[in-house]
């Protein structure tokens, strides 16, 4: 294998009994047992037990001095472990290595934590990331990430895709998330932007005739971070020419099935279900529904229009209001304390409260219900609620009534909270499996109340459905896009669309977004020009590599599948980035910092 070692520690098995081996690695733990020293030696493949006998005084003296995380090399003979001392949890658990020679390659200061401590704070882990990455789970996560990327490349290469790099330094187009800006030293007052995606470049590669493109690349967005977001993230970016929307979806659905099978031996559905955006929002309040949770919304807006209860009738009679019920089978067993906790939970999403009805006996109608709101509802409304929700004895119905967005967010989050709870799992409301689906037919635009204009729901290069082209100039809100998202267990794995490939249509979309011809030419003139040279029909999508690996690894955060991630404050605790820079560097970039204005208190 090399002059320093013959095998990886974790790969020494009973097949090597009787053989001499040379091993290198780190001391996981050292134990003294009755004059014999045992060392758990670790490398990236796992652990092996090394036995140091005092019969070899020089070696034994070295073994007495080693401590956790010392980097060492040993030579010795593989032998079976004594009966009753085998460790079934280790690949090397049936053997041990009797040490002949031991060399300390490099000692270690006392580590700030034990590598097998499962209760470390994330701050500690990220500050000492070099040590954190030695932990078996992190080694597994990053090797899984490599395997997923390799499987993606193998699949796309076999399908005739070409890996082409696109620029990291590009032009700022302030649509969507904030750009990370890079000042140009040689062009004073001018800035590059780090790419939020290679979107326009990959479209131009289709115009250039490359037909099938991909790259696994870094993208950058200066936005507020959550558990599934990073300022820099890795995208599996793909684009194709001369394929229909259905053909694009079929191709990448097959890719994802292949990658899951080869990377973690999981068989995803032979055919992913397809759901329109409108249906997903109606049933689940989300465009990325977690289908493992067997709870759905019941639409009650019409039912509540004439009730004498403003909490329900107000939103029901509002243009952008919505009233829904969420029936939880067996939820009558949920305690008042748990209901209060759920009420506080939905408040995070803007809900002003959480109305509920416990169904004790359906047959008794009003008299069989338990809730402070029942007195505010007339008999016809109660009957319709029970009928539409399909309520049974022992159920609870939660209600959301507010602006549609608040209802969707709050009750959608409550649906997941209940489904993933111990109650949900123990009562069959949660199915522990893989549930992929496509969400299609997104609105082309959504209305921005603050700016009083239409904005692109995905991006302004998404094609509207052919029969909706007429609405671009008359009623943009009616436009449905040829857009699609692949969703898995409530996470958006990837998303894309068929693109606009005609310059006249692209210009109409810009105008619908209140981007006039002059502004469009200044920002996107190079794309508009390219589309005039016989641009082919094309489309594609991009997958989030970080998210895919996070799901496969069962990790809590994408920070657990990235070697050196940023915190939720976009900081690297290991290197202390971002940092201040020298005044000289700022002068070279023609930049002067303004002092921050002091915060005033009322």
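Keep in mind that glycine also has a Cβ here, set from the backbone N, Cα and C atoms.
A coil conformation is recorded for residue 221 (L-aspartate binding site) in the three-state DSSP classification, outside any helix or strand. In sequence order, 177, 178, 180, 196, 229, 231, 233 are the residues near residue 221 (L-aspartate binding site), counting only same-chain partners six or more apart with C-beta under 8 A. The annotation L-aspartate binding site is assigned in Swiss-Prot to 175, 221, 458, 499.
If you look up Swiss-Prot, you'll see 221, 222, 223, 230, 492, 544, 545, 546, 547 marked as ATP binding site.
What Swiss-Prot records for 199-202 is region 'Aspartate'. Within the same chain, residues 166-167, 170, 213, 237, 239, 459, 461, 524, 526-527, 540 sit at least 6 positions outside the region 'Aspartate' (199-202) and bring their C-beta atoms closer than 8 Å to a C-beta of that stretch.
According to Swiss-Prot, the feature site 'Important for tRNA non-discrimination' maps to 33 (among others). The Cβ of residue 33 (site 'Important for tRNA non-discrimination') lies under 8 Å from the Cβ of no residue that sits 6+ residues away along the same chain.
Around the Cβ of residue 84 (site 'Important for tRNA non-discrimination'), a 10 Å sphere holds 5 further Cβ atoms from the protein chains shown. Look at residue 84 (site 'Important for tRNA non-discrimination'): DSSP puts it in coil. According to Swiss-Prot, the site 'Important for tRNA non-discrimination' annotation covers 84 (among others), on the basis of sequence analysis.
Comparing CA positions across the recorded positions 84, 492, 547, the one lying closest to residue 458 (L-aspartate binding site) turns out to be 492. Under DSSP, residue 458 (L-aspartate binding site) is assigned to coil, being neither helix nor strand in the three-state scheme. If you count neighbouring Cβ atoms within 10 Å for each of the binding-site residues 458, 499, 547, the highest count belongs to 499. Of all Cβ atoms in the protein chains displayed, 14 besides its own lie within 10 Å of the Cβ of residue 223 (ATP binding site).
Neighbour counts of Cβ atoms within 10 Å were compared across the binding-site residues 492, 545; the minimum falls on 492. Cα separation, residue 492 (ATP binding site) to residue 499 (L-aspartate binding site), rounded: 20 Å. Here the C-alpha separation of residue 547 (ATP binding site) and residue 499 (L-aspartate binding site) works out to 24 Å.
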